[in-house]
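The next block holds one structure in the form of structure tokens; read it before the comments.
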Amino acid sequence: MSLSPHVENASIPKGSTPIPKNRNVSSIGKGEFLGSSSSNNSSFRMNHYSNSGQPSVLDSIRRPNLTPTFSYSNGVYMPESHRTSSFNDSYLPYDKNPYAKTTGSMSNKSNMKIKTKKNAINTNTRKSSGLIYTTKVDKELSSIDKVNDPNINGLVCAGKTHLGLYKFSPSDRSIKCVHDFITPNSNTSTRGTTSLLPKLSKRTRQNKFSTIADVKTGFNNYKNCIAVCNNSTAISIYDLNKSSSIDNPLITSLCEHTRSINSFDFNMVESNLIISGGQDSCVKIWDLRSNKSKSSNRSDISINTASDSIRDVKWMPGYNFASKNDQGSSTYGNLKSGYKFASIHDSGYLLKFDLRQPAQYEKKLNAHTGPGLCLNWHPNQEYIATGGRDGKCCLWFVGDNANAAENTVLNYGNSPSLHAPNTSLNNSGSLAFPKLTINTGYPVTKLKFKPAYSSNIYNSLLGISSMGDEAEVRIYSLARKYIPKHVLLSETPSLGLVWWDENLIFNIDKGTRINGWDINKEPTVLENLSKNTTTWRDLDGNGLLSVDQEIGSYEVVEPELQPTSSTTCKKHPGTIKNPKNGNPENQGIIGGIKKGFSHTGLTSFTPERPPTLKAGPTFSSKSLTLASGASSFNSSSASLTSLTPQTENREEIAIEPPCIITLDIPQIFNNIRLTKIAHSRKKNVISESSSMKNSPVEKFKYLARQLKFSYIREHNVSDSADTAYKNDIENIDVVKNATETHGDNTTTTNNNDDGDDDDDDDDDDDKIIESHLLKKYNFPENNTWATLMNEKVNNKKSKRNSSSSREFDEKDVRSSISSISASRQSHDRSRKIDKNVEAELQEKIQTLVDLISIATHNASVYLSIDDLTNFKIWILIRDSLLWDLKWMTSSQISSDNASNMDANESSDFEAGENLKTGKEFPEEDGAGTSGAESLVEERPQAFRANSDEPSDAEKKPVSKLKEQLKNTEIIPYAQPNEDSDEVLTKLKELQNQRLESRTKMGETVSDDVIIEEDEHEHQEEEQPHDSPTKSAQFHASPIAKSIPILQKREHRKSFIDTFMLHSPNGYNGDTDIGNEDDNISPRFTYNSVSPRSKVSSLQSYATTTSQLETFKKLSSHTAPIIGSPRHAPSRPDSIGREQLSSSLTKKLAKCKKIIADPPWDTKKLIKQLYNQATETGNVVLTVNILFLFQTIYQITEIDIAKDAIAHFLLLLHRYELFGIAADVLKYCPFEDIMGSEGDQSSIRLFCERCGELITNESSKEKLRAEAQQTGNKKIMDKFGYWYCDSCKKKNTSCVLCERPLKKLTMVILPCGHEGHFQCIQEWFLDENEQECPGGCPGVAFI
């Protein structure tokens, strides 16, 4: 038989080692491959060639060399000199070798000697000798399969316009095209002859196969059948024996799929069955015995997988592996090979089915993150290898859990854990992990297991063909997944592969070349790798890498088998012969299943797995259609042969990979440098912060990411007040740890208060930054929260003795706000606050706690970038909020404690004074400024005596503020005179009236605080609940309202005192007579009084002259009047300035008139900081203040706040901080933050008749002029957009009343008719109609 002119045969002498490397061969590049070639189970479509008979221009395009100089495929470095495992310049085909002799005939080319070039490679490198067959075809190839006839050394290759039968000869190592089923005249070389087929001429349109071509051959009785995609939705079956041009080789066509077919496969056991899957997500099973016609449009079994497109579908193989034992030869097979099949889908899911129960899949595994492209069953075990577009090849166990122990081995190196599968038989949605994952780096389009028996799954070989530019076929041993065992290089990228037997493997490439290798003659990759190599670990040169001299192997050591006498081996189901008589449709698996379908039977087809009732894939056949999970099977008519179980369990020992020793020299040097230079890390952090400071853009981005702009998020996250306090305490510890290391006089703290020590690097950096900046700028430590915490610890260490009989009993303040409320109610059950007021108070306290935590966090952020100005601003805001929080919690305790005073030892004057001065605010001086934690953890000092208390003369003033306020003269007003007698008389009367009214009304201490949404709406409601006790707290001494640091050493000048004394509304030394009157009130105390004293400042002078006694009386009578309900403010920072009645004296009026808000008033302070931020252009601080405090203190107008936040959002978008901008919008307290830019949209109306834009400007001007002339403004009501000035026609009228649609319009969606809202409402709702008023068919409204 002559050779086909379409095949270029390269005969190779026996014993030679030819390795083709034709770089000038005509081929197509990567781009043409994606557009013209096809690949089995691939995910892309390719265009057909043109219908003309001329050769494609793509065949003449030269493909560039795809072999790189250096290859890093799969993490293995291979220089080109070592990439000769399959390709070598010394072995080129004769027709392409420039050194070959040009004389001689074609018949003796195979016997000619080839002059080879000297190959300058390492002599230790083993050359390839495994390439046995190679030939080039001038037709495009896309799929390959072997002929399952042992008497024929045949291959079947398919392409768009080619379906050829090829035979290879082991004797002369040649491949020849025997027959082309598409162009049967290709075997004749006579020019001008035509096909012998009837009605076929030269101009007959050439047949083409599907764009997604796949080819498969049958088994056993159907080994002469070839299945191929004839078009996108049909499978054509050809007969190999009908190779003559007279016979028509087409047997039948299977065309039930509605979309393209991607894969099909013959059953190895029941060879008459063929399965197919396609884009329609359906699996079709065909019985070739029942499809004897030329075309069949209905399959025997149809399964809708209820998933997406099927990329590949395969039957479980049924190989017969013969072995010898004591009883003789035996055959190993698989019992379930005739019934199981699997499919892989676009979604990456792997589904396993049992033909006996097709209504429900057995397993569903999420195999790949992207589309799955191919799968292949293990020859004798229930494992499936899958390949996907994600570049991974995964091994999955799909058997029963009972057999899982057979396949476990010991782990080694970085191999995945070989755990037992966690899927059950009926668990369709179980989550499982692959037994093994091979990262190829390219989409895996084809993979095939070596058809050899393997008792250990990890001794199996797997051939992989990728879609990338790597022109090679890799063969992996599952025992060593990181380094392939063989790399078979081809000229162009591989398109498919097939194992002929255990040693011979064929592939086709993009260059239309068929290659065959003998892997026993191929060197392994480890043999060609250099043994003495030291190189950098990565491209950046970070570390060295060397390879151990022990190479290792690719196999797992297996112990010898221990055969048992009880092992009996039965014949494989593939050897079953159909009886000669009887209907073939009722024989075999299909017949057994169809016989087993019964409407009344309740038993399962097999007792091992009952039918499931889950909703799953739909199943249909010619005889019966089953609903999901609603059918049952009958096992009365199916006789199935069984196989012996597989080999018994054996213990396996995994091989150890080569030892890789790394030496990270830069890291070693870096560690040495860090040990020698202890402060280098601190310098690096400080240099980074300074570099950020020099870049305003980077600083803005950093602040936008790190700062907290809203307390709403923090409030929502907190489940209770305890969570908020816990977060606040953690923030306190960060600042505390940062300041512990600087200053010689800093008090040592106890780090075990919270029980948490954070050793992270980030916390260490914060400590370094904060310590450095505090020391650099000499920031006074008595203004930091850490010092307040130090004081709290020291106070806990000091001894506390019980007080006198007039003092209160010791009580612990619990660690939450709710416990404070419960303790207060237990003290005096008769005085209960309304539940609504209590809830409102708790909410406001929680808000304050959140704001304090945010202020602390923002201060630490500014400190980390060396921005001391903004750092002090946030510290100032935090301390001001602490004062408000302290007053709210302390007022509750003090009001209850005041009721426990002994009436016999305390007069009305003393009770008021003790509550206002000595009993509450000295406690606040001691611990009130130590943050939220001190409010709920520390015991109030006002309720205890201190034996170690120093004398009054030894105590020093806390701040300069108290010294300046002490300079006022009070003696003239303390001396008794006529005016003072009159004042005392009036004050005494008012006090008695106040006390009587208070007793009658049962007043309690008001819980109102400074945080109010609407101050004026709630002021009248809160006034009846005010008491002199609260007013006294408002006018306590300035020392009580400041934030002093109590330590037994001389304090430096406080930053808060310095800043506040220069406030425009603050105090100075120039006071007049009126201010002196003001100083008489309990607002001030003497500097010689200890803040920890249990006795008020006035009581400490009880034994002095009568002048002081008179002053005490004056103070006691003045306080109730100032704190009367009539003048009680609803906020502690806003005191009424209304004029007193004419009955009071002039000096009493002055005493009330000049009372001003304290300089640390929170609202005043935040407004000043806001104005300063706007004047200096501090955008971040401005927006931060508006976010946190606008809704609480009304910093500015609401429109200005919205505009500022909207511009801040635009700034975030400009610097691509979209996530932060989204959070700003999410937690913004204003809904319409974007204003006209975010809520309004321009809608253009076009005329439905002429298509012009409806503006109606001309009619608008006419109506406006007419309205001006007549003075009738109702004329403008005629204007609208319900008509068009261009075409002078009206738009659609109402479907019911047929009047113009001028106002609100409703549209009926099913038909599109429009109508007035009133008309549609009357038609559908009032009249209960369901059809359209226009008479459109169907229900329009339900």
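Numbering starts at 1 and runs along the chain as displayed.
Cβ coordinates come from backbone N, Cα and C, glycine included.
When Swiss-Prot is compared with the stretches 1014-1047, 1048-1081, the one noted as region 'Disordered' is 1014-1047.
When the ranges 80-99, 280-299, 600-619 are checked against Swiss-Prot, the one recorded as region 'Disordered' is 600-619. Mapped onto DSSP classes, the repeat 'WD 1' (207-248) shows 3 helix, 16 strand, 23 coil.
Per-class residue totals from DSSP over the repeat 'WD 4' (367-406), listed helix then strand then coil: 6 helix, 18 strand, 16 coil. Mean pLDDT for the repeat 'WD 9' (1217-1256) in this predicted model: 78.
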